[in-house]
Every structure is written in structure tokens, then in C-alpha cells.
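Take a look at the structure below.
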Amino acid sequence: MDRSGFRSISVPGFVAFCLAVSSATVDAQESQHFDDPRGQLKHARELFDKGKHIAAIDVVNDVIDHHPSVAEAYATRGSLRQQAKKHEEAVEDLSKAIFLGMSRSEIYVTRAISKTELGDFTGAIADCSTGINLTSDSSFAYAIRGFVRLRQHEYKRATADAEMAIILDDKCEMAYLCRAICRLKEGDDVGAAEDFRKHKNLETESRGNDGYRAYDGQPFPAK
């Protein structure tokens, strides 16, 4: 047997790997204590937030294996995969959730984020627009659509979306960042500097999380 492939694995590294696998197994087993799929999905999100990504996905996979028609399971896995930068798989899961009947604004906008990362700007714009049609006062949807248009170098339309997001929620930090970049691109250095300052202040206040995240199983803010 050729053992050359094992020579680069250190003993500490091997032990760490074994401990990680063992921990993931225990975490997955703990999720079975929940009587309903929603409890398991909540547990999966908590595991992911603790950095236990493999265990989190394993828990969601278990839910899908036993409840293949639960749309929220695919939405949760899609969101987790997006956060892990597995955008193709995220789009697939979020599309499945939509197919199974989830018609919430944030599902479409979350899918738009992954489509943007994959270069599908047309699809991303369409998803954001659907999200806005579903929830007309969603600053999250407007802000993300603004960023997609920014990626397309459509600065005026991106600015318009960012400004609508700010009207709906004046603490939407990502909207200020979007508008700041647009203003900088169009030569408005003063306006850009002001928006960058507002974004930085809001980011500091919220410690980097303004409440606009990919789908996490909870209702999004009304604004």
C-alpha cells in the first residue's frame, strides 16, 4: 500500500481532524433531541454561528432526509451554504425552497446575493424585484438591488435603489455604502465621504451586523 500520501499529515493535525469529526457527530446527534424539524433547523443555525459548519449542514441534511418536502429546510441550507460561499449549491437549495412554496421576500433576495456572486446579474435583479413586489417596504431588497446595479456600473439606478432603502430605513448601513461608492464613481467626493462616514458609524453601532442577513429562519425587520 502506498503510504506516501499520509506523510504530510502531522500527528497534531490528525488528532484535530478526529476531534472535529467526533464533535460534528455529537452535534448532529444532539439535534435529534428536537421533536420537530424547526427545532433542528434552529439548532443547525446556532451550530453554524459557532463555527461548526460541517455539523450544521449535517443537521439540515438529516431534516431533509426525513422531511424532504419541508421548504424551510432547503431555505436554511441554502442560506448556510451561501455564508460558506458555496453559491451554486445555495442557489439550488433556495430555488427548491421557492418551488416548494416559500414566497417570502428574503428568500428571493438571498438567492439574488448568490446569483450576483456567480455573475448572473440579470437573475439577481429579477429576484430583488420579486422581493420588492412581495414586500414593498423592504430596505434589504432595495439595498441588494442597488449593489447588483453597482456591479453593473449602473450608478444612477444603483443610487436610486440605495436612496429608497435609506428612506425605508435610515439605519441601513449597506445602503449608505452603496451610495457612497456610486457617488465616488460619479465624482461626488464630498457626498461620498459623508456616506462613508455614516456607514462607518452605523457599522460601529451595530458591530458589523445591521440585521440584514441571508435567510436565518426568522422574520426580517418590517423596514
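Just so you know, glycine gets a Cβ as well, placed from its N, Cα and C.
What TrEMBL records for 198-210 is compositional bias 'Basic and acidic residues'. Positions annotated as region 'Disordered' by TrEMBL: 198-223. Marked as repeat 'TPR' by TrEMBL: 71-104. What TrEMBL lists as signal peptide is 1-28.
Residue counts for the repeat 'TPR' (71-104) under DSSP, helix first, then strand, then coil, are 26 helix, 0 strand, 8 coil. In the predicted model, the repeat 'TPR' (71-104) shows an average pLDDT of 94.
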